[in-house]
Amino acid sequence: MMNKPGRTHRFLAALALSLACAMFPALAGAQAAQPPDLPSAGTAQNPGFFGALSDIHFNPFYDPSLVDKLAAAEPSAWDGIFKTSSVTEPAGPGYDTNYPLLKATLDAIAPQARRLDYLILPGDFLTHDFRENYMQYASDTSDAAYRSFVLKTIRYVAMGLKAQFPNVPVIATLGNNDSFCGDYQIEPSSAFLYDLTATMTDAAGSRAGFSAYPELGAYVIPHPRTPRHYFVVLENTFLSAKYRNTCGLSNINPSQAVLLWLEATLYRMKRENATVTLVMHIPSGIDAYSSTRTCRFSSPPVPYFSTANGDALTNILQRYPDQIRAIFTGHSHMDDFRVLPGIDGKPFAYERVIPSISPLFGNNPGYQLYSYERTTGTPVSYWARTYATADSSNTRSWQWEYEFRQAYNVGELSPDNLNTLAATIAKDPATRAKYMAFYTGGANSGTITHQNWPAFACALTNLGAKAFSTCFCSGTQ
């Protein structure tokens, strides 16, 4: 029996509130700075360090001859199956992550992994077009077999990360591609989320704080080193302008419940005098790449969230400026950031958009290491690493690309300093050239050009469609 809309809204509101209250027991070729020798994760030395990588988009179909063997095996046996493949070259531009690229990534981060305090992964475990690939290459195309393979793939990636980070939290959220139903179609209160709860709690190293996960894909856990600081992890695909609850009850709007859960969580943090690092998949504001035709062709800007959901999320965050230490997202596959304006118009928070491991969109794979103040949980700087070719060779390898403070010379990570950086990118050609190169991890993909760069510059600080259009179309950037 389908609920009436009014009853559904009240149910979701009550669910979100009750769950929230119950869960607390350098340019390519340039010499880049490498991170310092990392202290042991168990020491009290300040600063501490953590890692961030995103959008792995693991493709288990890269060698179709292995698919049936993978489907018949547990994820713990997949490494041995992949090692029998004749495909040994890591995936390149235009392709999602295959086993050789995933292994190269895990091998690269291994020397730092056991000295980091935690790892952040803002979503997208699965390759694009997962269902279509499965139906093409698998012998058993039943719904049960497909669902099993989805879960096995996510578990395999999570297990690989946890093997490198055995004693620290892996703070992961799902992305828009991570679902049974399809892209931007994750179902709330679903078997999918229920079945993944154990995988996510194992990765995070904590079962407490996951009471909302089977319903909303959201959770909150304490920081491993900083007192009274928490990771608040949000499945914000529900807020996307592209989201459709295709496989669930059509009259249920999970965005309402997610926003109510977030409001209740931040309210509780404020009351407890606690602070948070927010982790979600999709960035705030405007999709710059999809909005480069806004002015010349009279096309409207393309927001990541629906107008109502984007405004609601911004309003909630603006009410808790003292609680937010940093926000981490992914989704775009690029190295980017956003500055969030407060009610008074002054910057109060920022989002670091983490580059992807997948090189699908012509970017070089990348991940980042961050330093942070262990006393407050506040990030200080980061070192970007990219999987690219060296000047003298066509062979790709993991290389340190740049360190934030050294490259941009604006000081430590903060809302004000990133706001200053955004203005400098718009006005200073040298700084802009760095931003354009770092955006793709040094790849010459043509994503940002000397013609369309104003769209990307405007998107850094103008999160609403009207503000973005005013900036982009008037040439005020």
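Placement of Cβ uses the backbone N, Cα and C atoms for every residue, glycine included.
What TrEMBL says about this protein:
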SIGNAL    1-28  signal peptide
DOMAIN    51-334  domain 'Calcineurin-like phosphoesterase'
BINDING   Asp55, His57, Asp124, His333  Zn(2+) 1 binding site
BINDING   Asp124, Asn176, His281, His331  Zn(2+) 2 binding site
DOMAIN    361-472  domain 'Sphingomyelin phosphodiesterase C-terminal'
> Just how many other Cβ atoms lie inside 10 Å of the Cβ on Asp124 (Zn(2+) 1 binding site)?
Replying inline: 27
> Roughly how many angstrom lie between the C-alpha atoms of Asp55 (Zn(2+) 1 binding site) and His281 (Zn(2+) 2 binding site)?
Replying inline: 9
> Between His57 (Zn(2+) 1 binding site) and His331 (Zn(2+) 2 binding site), what is the CA-CA distance rounded to a whole number of Å?
Replying inline: 10
> Which numbers of helix, strand and coil residues does DSSP report for the domain 'Sphingomyelin phosphodiesterase C-terminal' (361-472)?
Replying inline: 44 helix, 26 strand, 42 coil
> Near His333 (Zn(2+) 1 binding site), how many other Cβ atoms are within 10 Å of its Cβ?
Replying inline: 28
> Excluding Asp124, Asn176, His281, His331, which residues of the same chain place their Cβ within 8 Å of the centroid of the Cβ atoms of the recorded Zn(2+) 2 site?
Replying inline: Asp55, Pro122, Gly123, Leu174, Gly175, Asn177, Asp178, Thr237, Ile282, Gly330
> Sequence gap of 6 or more, C-beta under 8 Å: which same-chain residues meet both conditions with respect to His331 (Zn(2+) 2 binding site)?
Replying inline: Ser54, Asp55, Pro122, Gly123, Asp124, Gly175, Asn176, His281, Ile282, Pro283, Tyr304, Val353
> What other residues of this chain sit with their CB within 8 A of the center of the CB atoms of Asp55, His57, Asp124, His333, the recorded Zn(2+) 1 site?
Replying inline: Ser54, Ile56, Asp96, Gly123, Gly175, Asn177, Gly330, His331, Ser356, Ile357, Ser358, Leu360
>> Return the count of C-beta atoms lying within 10 angstroms of the C-beta of Asp55 (Zn(2+) 1 binding site), excluding that atom itself.
In response: 28
> Where does the mean pLDDT land for the domain 'Sphingomyelin phosphodiesterase C-terminal' (361-472)?
Replying inline: 95
> Including all protein chains shown, what's the count of other C-beta atoms within 10 A of the C-beta of Asn176 (Zn(2+) 2 binding site)?
Replying inline: 24
